[in-house]
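Asker: This is the structure, below, for whatever I ask next.
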């Protein structure tokens, strides 16, 4: 029987597959998803983690015997038993069929439809309408298959049911209102049957089905839509092409979108930004090498090594420190959705990574939370106005320039960069943090 540790971030639907499978098989799976044991975006980028899981992705599973495996479907398969995998060659093939179908056919339209309602992806009306029709087709396909069946393969729950249910989960919770889903009674019956099994409930809790289809918040995210009068930037700059190959490789590594969240469709959409000239080219050279600090921060102890290095080398004339706070805390509900706001902002600022560093923290609990952070920017002004590509999210935050020499700034930098401290100015407990680097 498998036993080990699952590394993930909170409320990761991909991790649910393995956790539900373990409930059926009896596999002993410990979950590390929050500080201090696992800092998503930090722990999974350390050399030790990457030696075990080269892709840096989560979920990732480390067995008590040292066996390591990543990719959610592979982990779910590993912690399953023979009944879940398919007890005959034919059944096993059908299980793989539905697992593959979930990834190839369900995930893309589900992401296109659901992600904008969660605030983690740009909204495109035509793409959303196409996604709705594709979801309708998929539900109809499932409905026909389940007309004479209780489960997708055989007479018992298998990995096929677990995988497809988890892939459909946010559709049912976020957008499949009664009028939309009523045309698929067999699919609904099967979905409800599965989520009410004790093994599913132990992981998912009580799943509340959507009552009213969630919509894209046009007022809040209108600025994410392309502006017709905004000219396209040039695809590259002479300075960029003339840089040494080693430096270009280092920048590419620093600027690459984090792969570990596995939200492929969302990441592809958010990363598809046009290349632009360097908005910081006009600034004089600085003695502070941000990449070197980032290496210290990633590979050394924050309090004893990285922070002393930061203050010893920080160039207050060439760089500036800023405190940010989300303007609309009353709109923050589920903590995982609040974290998605941070992740989405980081993805949209991908090209700013070479000239910025930040630690942004979610404080509090569901329906009582706040978001704030400390940022390091090249130059003395906020970087966002320098490029239209960076102006999507920053107006949703208040910004206050910090005095590098003040005791308040020293405390803020120490607490936010280390994720440790009293955070007395916040009034809520640390929940989780994300690093922009």
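Glycine is treated like the rest: Cβ placed from N, Cα and C.
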Asker: Which stretch does Swiss-Prot mark as region 'Disordered', out of 221-268, 269-316, 317-364?
Answerer: 221-268
Asker: Using Cβ-Cβ distances, find the residues under 8 Å from residue 212 (N6-acetyllysine) that belong to the same chain and are at least 6 apart in sequence, listing them in sequence order.
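Answerer: Result: 177.
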Asker: Counting every protein chain present, what is the number of Cβ atoms, excluding its own, within 10 Å of the Cβ of residue 2 (N-acetylalanine)?
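Answerer: Taking every protein chain into account, the count is 22.
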Asker: Please identify, among the recorded positions 2, 285, 401, the one with the smallest Cα-Cα distance to residue 434 (N6-acetyllysine).
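Answerer: That would be 401, nearest by Cα distance.
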Asker: Would you say which of the recorded positions 147, 285, 401, 434 has the most Cβ atoms within 10 Å of its own Cβ?
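Answerer: The most densely surrounded of these recorded positions is 434.
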